[in-house]
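Trainee: The following feature annotations were taken from TrEMBL:
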- 23-44: transmembrane segment (TRANSMEM)
- 76-94: transmembrane segment (TRANSMEM)
- 115-134: transmembrane segment (TRANSMEM)
- 146-168: transmembrane segment (TRANSMEM)
- 194-215: transmembrane segment (TRANSMEM)
- 230-249: transmembrane segment (TRANSMEM)
- 261-278: transmembrane segment (TRANSMEM)
- 284-304: transmembrane segment (TRANSMEM)
- 316-337: transmembrane segment (TRANSMEM)
- 349-368: transmembrane segment (TRANSMEM)
Amino acid sequence: MEGLLSVYGELELTTYGLSKESMVFYLCVGYSTALVLGPVLGVVSDLIGQKKICLLYCVLHLIVGVWKRITMSPSAWFANVFLSLAGLVYSFGFETWLVVEHEKQSQRNDSLNETFWLMTFLESASLIGGQVLANWLVGENVQDGIALSATASLLLSVVTIICIVQTAKEPLKTLPFRDYSTAFYAYVLGDKRIWFLGTSQACLQFSTAVFWILWAPTIVADGREVNLGLIYPCFLGSRMLGSTVFPWLMSGQSLLRLEDCLVYIYALLGIVFSIVAYDYQEIRILVVLFCLFHGFAGLALPLLARLRTMYVPNELRGGMISLSQVPANAAILFFLIQRGYSNKIENSTMMALGAISLFTASGCIYMLRRWGKSPHHDWHKL
């Protein structure tokens, strides 16, 4: 669903004759929505259960598909709001649901580890499949292609809703709001290790958002003609390859702990961004660097999911993930305004800030490694 609706991007807005300032405005609307409603959705998911919040994800895509299919008007602000909310729900809803199901069925940790890297692998594969389907549906008329893609997304959302509804009924083991607030303050806000982990997640999210905003302008700088549609799948393929390293790290053959691996991965990601920020203009080198970024990010994502399982109680997982996204969304919104409206910062400066955030994340994981770990399951007995 996300792959189908993200293929056209600026082309859809250009078709409606929107200016660059209008495009920046729609992006700001989306990130503002995520900034304001993100923490609320995370808490709500913990309180009502993951199955219901995953249904909300599908309903949001269904609404966007119906709206685009019926109106065929430049309603980018409307779509951005709903798609931003859907992206937020996806970032914590399905992962938490899978972890809860694994623990409920008393499955082994190695099965959960397989799930983490397969989530990243299959997500990238699905995005590539969405792009292939969207390119197959598009014809000479861009608006007809957008309408067909919206129809396909609508049908996929209906299929997903049916699949979720047909699953076993989710047991209501959520906490009352008062108990949830007490536990969240004690085991999330009051734990320095969670702060380090959350900051590292926010830094990765910020740098990834900077990449997706700037990768195309960076490659086509100086008026170069490049087929971006062929480069995009390379990034997702690199992320798929990176995720396949995770089972080897968890098999016990690696001498490094998870935290040590993340320290080095974040440092390497920071180096990649630093080279790009140096204003390197060779297309081949840029594509290689961007593929390396996605390869290392594909390995970092399941590692972070594993660390969340080690440090964060499942009952608080959605609130913790959504809260960690607040500083990233705020920073992205600030730089969008500064770059899109005021032109006070350059693209290379944003890349440099992304590199600094990744080095900061490496330092946070190093501090997390020093603080050590204690089982989070003990809090159920307090």
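Cβ from N, Cα, C; glycine included.
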Trainee: Okay, the transmembrane segment (194-215) and the transmembrane segment (115-134): do they have at least three CB pairs under 8 Å, pairs separated by 6 or more?
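Mentor: The transmembrane segment (194-215) and the transmembrane segment (115-134): touching, no.
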Trainee: Based on Cβ pairs under 8 Å, which of the stretches 23-44, 76-94, 194-215, 284-304 lies most in contact with the transmembrane segment (316-337)?
Mentor: 23-44
Trainee: In the same chain, which residue numbers or ranges, 6 or more beyond the ends of the transmembrane segment (76-94), come under 8 angstroms Cβ to Cβ?
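Mentor: Tertiary neighbours of the transmembrane segment (76-94) are 2, 5, 12-13, 16, 18, 22-23, 25-27, 29-31, 33-34, 37-38, 41-42, 45, 50, 53-54, 56-57, 60-61, 63-64, 67-68, 119, 317-318, 321-322, 325.
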Trainee: Which of 146-168, 194-215, 261-278, 284-304, 349-368 shares the most C-beta pairs under 8 angstroms with the transmembrane segment (230-249)?
Mentor: 284-304
Trainee: Tell me, please, if the transmembrane segment (284-304) and the transmembrane segment (261-278) are in contact, taking contact as 3+ Cβ pairs under 8 Å between residues separated by 6 or more positions?
Mentor: yes
Trainee: Give the nonlocal contacts of the transmembrane segment (146-168) in its own chain as ranges (CB under 8 Å, at least six residues past its ends).
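Mentor: Sequence-distant neighbours of the transmembrane segment (146-168): 1, 4-5, 7-8, 12, 15, 51, 54-55, 58-59, 61-62, 64-66, 68-69, 72, 133-134, 137-138.
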